[in-house]
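Engineer: Dumping the structure here so I can ask a few things about it.
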Ligand SMILES: [Fe+2]
Ligand SMILES: [Fe+2]
């Protein structure tokens, strides 16, 4: 560390904000992600409400940035804080057509993760009227998630405790409703089943986590929806089972694939982190698509010990 470099793990809230928002114009992307992570921990976990809310405000400052990748992560992180003070900036982002689709998607999803009832009317509006399928589907899921959280079933359903602490776009399917991989795969891929149910099957398969469950999830990469495919890649990044590597590489290499899907595949490969993953990621450091290049940088940073 050079003398004027700040130790991110011992930085003040203001220093973290300045790194995240690249105030000096020369912060490395990987450091900006680390600053975001530290701010998120404070925003989500601090028992000092004032400090937590300040961290959340500082995180939201980053929505002025250009990097689609960083901003979508900012939106994601805000959705994981359990604090409704994060909702107003997220609503603003969903409404802002100058923001990229992946960022607006993540903002809508985050409103669902926060269980923000006050956003229901806005989400309904974008569910019905947004021209982007990814946004409409995200709003559909967020609405269903908020309704589910308010429902009686959410209190009585037999949901197995998950290994993962993330707040997901849908809860896993109750274990007494379905635990057979074959049946879950059928629900996962059934275009006539509501998306929320299909996501519930997806998260149940994630929680089962066996090789068989992973291969069932990989069949979701043939879905027509970029949103759906990016979520499959996301759960592969959580499971970190190397059996998913071939499917992730195929998706990352598909040039016709949406950036949001390829991005998530790259990050999952970073999380799995085998030598093969590293080699493949290195070959995407100069990809034509910015969000893929930046994902390769961040993913390789995850691999580093
Ligand atoms: Fe997402
Ligand atoms: Fe992502």
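Numbering starts at 1 and runs along the chain as displayed.
Every residue gets a Cβ built from N, Cα and C, even glycine.
Straight from TrEMBL, here's the annotation block:
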BINDING   72, 73, 105, 106  Fe cation 1 binding site
BINDING   230, 231, 263, 264  Fe cation 2 binding site
Engineer: If one looks at the chain holding residue 73 (Fe cation 1 binding site), which residues at least 6 apart in sequence have a CB under 8 angstroms from its CB?
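Structural biologist: Non-local contacts for residue 73 (Fe cation 1 binding site): 33, 36, 106.
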Engineer: Take the mean position of the Cβ atoms of 230, 231, 263, 264, the recorded Fe cation 2 site. Which other residues of that chain put their Cβ within 8 Å of it?
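Structural biologist: Apart from 230, 231, 263, 264, the close residues are 226, 229, 232, 233, 234, 260, 261, 265, 267.
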Engineer: Could you tell me which of the binding-site residues 73, 106, 264 have their C-beta within a distance under 6 angstroms of some atom of ligand 2?
Structural biologist: 264
Engineer: Just checking: which of the binding-site residues 72, 73, 263 have a C-beta under 6 Å from ligand 1?
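Structural biologist: Once distances to ligand 1 are taken from each Cβ, none falls under 6 Å.
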Engineer: Can you list, in sequence order, the residues of the same chain other than 72, 73, 105, 106 whose CB lies within 8 Å of the CB centroid of the Fe cation 1 site?
Structural biologist: 71, 74, 75, 76, 102, 103, 107, 109
Engineer: Which residue, out of the binding-site residues 72, 105, 230, 263, shows the minimum number of other Cβ atoms inside 10 Å of its Cβ in this structure?
Structural biologist: 230
Engineer: Distance check, please: Cα of residue 264 (Fe cation 2 binding site) against Cα of residue 72 (Fe cation 1 binding site), rounded to an integer number of angstrom.
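Structural biologist: With the alpha carbons as reference points, the distance is 11 Å.
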Engineer: Cα distance, residue 72 (Fe cation 1 binding site) to residue 230 (Fe cation 2 binding site), nearest Å?
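Structural biologist: Their Cα atoms are separated by 13 Å.
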Engineer: In sequence order, which residues at least six apart in the same chain have a CB under 8 Å from the CB of residue 231 (Fe cation 2 binding site)?
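Structural biologist: Residue 231 (Fe cation 2 binding site) has long-range Cβ partners 169, 199, 202, 264.
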Engineer: Other than its own, how many Cβ atoms are within 10 Å of the Cβ belonging to residue 264 (Fe cation 2 binding site)?
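Structural biologist: Summing over all protein chains shown, residue 264 (Fe cation 2 binding site) has 28 other Cβ atoms within 10 Å.
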Engineer: Could you measure between residue 263 (Fe cation 2 binding site) and residue 105 (Fe cation 1 binding site) for me? Cα positions, answer in whole angstrom.
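Structural biologist: So the alpha carbons of residue 263 (Fe cation 2 binding site) and residue 105 (Fe cation 1 binding site) sit roughly 14 Å from each other.
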